[in-house]
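Participant: Below are the features I grabbed from TrEMBL:
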DOMAIN    20-436  domain 'Enolpyruvate transferase'
BINDING   31, 104, 133, 180, 359, 401  phosphoenolpyruvate binding site
BINDING   31, 32, 36, 178, 180, 328, 355  3-phosphoshikimate binding site
ACT_SITE  328  active site, proton acceptor
Ligand code: S3P
């Protein structure tokens, strides 16, 4: 019997020799879409109804910030969350500090909204990890629009103080493909008279564009130049949002199914927005046996069931324009690569160094503790696949995606692995451990 035990913050995984993964599961709601549904609901007029919201710690941070800003958000649950919005420009000045917890998306997107509320004063902060993550990528373009923002290191680190202003529209050529940067500027553009445009070097996830359009904003997308324009001032109307399952959470089961002998798993109701499906393309390139079933569209987002069966993976190179389309899946792809024949190289992924942890450093160090052969590159990883992994004591560094990736690696390790601080999984996937127990046979 495979033993999976949660002990305080840690997770202990002892796989049995005959471990097999079987079953049909669902993953929780998409984190990016959950944040946006709460935020747009809060600044729209009328009521927004959200089905399938992710109940992870990150969307909880968004809900608590926007409650403090005056939005009426019902108790969070997966069935139905009701948001009574205040209208664009209708937020109230909170009497307390807005705390985004561990969530970069909460803080960076919210900054665009706050900076454009004339005359209102806000202070924002986050946990230790978020307070060390770069905010200049959003503060700089907002300052170009006329925003007043203060913080440590020339306004680049939270806590930040913001005095809302009437902003000027800009055309911002973003040096990085980041949906958080793009969304922050578009949200600031809602309150700004004229056309605010963001151009990215390659396309990042487009959930903001899709949802802003659905809420009634005037959005123009130019796919050839990776540009998005919002025309302000905009009025948003509350909508019904159905949140699909998060492909970034499904990714753990896709890799588990690919690397565990005899596995046969189906993950239902997974969002397969093309700006997020880099993981499917890479796993298919690695010879994973993945079927995309029952494709349909739910509230403007494509959804499918994904079936994965075990196969021998082969190494690949992951670089260039695909990186933003699988940015959150690189830790679990590193695990897949450790079981693939040959040497996998990940490049152009320096962004991973400024996520919830330095994911390149954490994944290389922790997988190597289990016997893998991973070398850190300045902007990626080199992984020589095929060396057998053994149980070890590893540490998530409080990073949800590293915690879950290491738990999947542990399924194919000889002996017992203890993942320290695995409870971080609750940021994006509170039921990760019960689901792991459910499919282990
Ligand atoms: C997100 C964008 C990505 C991603 C993060 C969620 C979003 O970050 O890593 O988990 O919801 O906009 P970057 O925009 O910094 O790449």
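Numbers run from 1 along the shown chain.
Glycine is treated like the rest: Cβ placed from N, Cα and C.
Unlike curated records, TrEMBL annotations are generated automatically.
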Participant: Of the binding-site residues 178, 328, 355, which one has its Cα closest to the Cα of residue 31 (phosphoenolpyruvate binding site)?
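Facilitator: Closest by Cα: 328.
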Participant: Please identify which of 133, 355, 401 has the densest Cβ environment, defined as other Cβ atoms within 10 Å, among these binding-site residues.
Facilitator: 401
Participant: Could you check which of the binding-site residues (104, 133, 180, 359, 401) sits closest to residue 36 (3-phosphoshikimate binding site), going Cα to Cα?
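Facilitator: When the Cα distances are compared, 180 comes out closest.
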Participant: Just report the maximum Cα pair distance in Å for the recorded 3-phosphoshikimate binders 31, 32, 36, 178, 180, 328, 355, no decimals.
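Facilitator: The span, Cα to Cα at its widest, is 19 Å.
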Participant: So if I take the binding-site residues (32, 133, 178, 180, 328, 359) and measure from each Cβ to the nearest atom of ligand 1, which come out below 6 Å?
Facilitator: 32, 178, 180, 328
Participant: Between the Cα atoms of residue 355 (3-phosphoshikimate binding site) and residue 104 (phosphoenolpyruvate binding site), what distance do you get, rounded to the nearest Å?
Facilitator: 8
Participant: Around residue 328 (3-phosphoshikimate binding site), which of the listed binding-site residues (104, 133, 180, 401) come within 10 Å, judging by Cα atoms?
Facilitator: 401
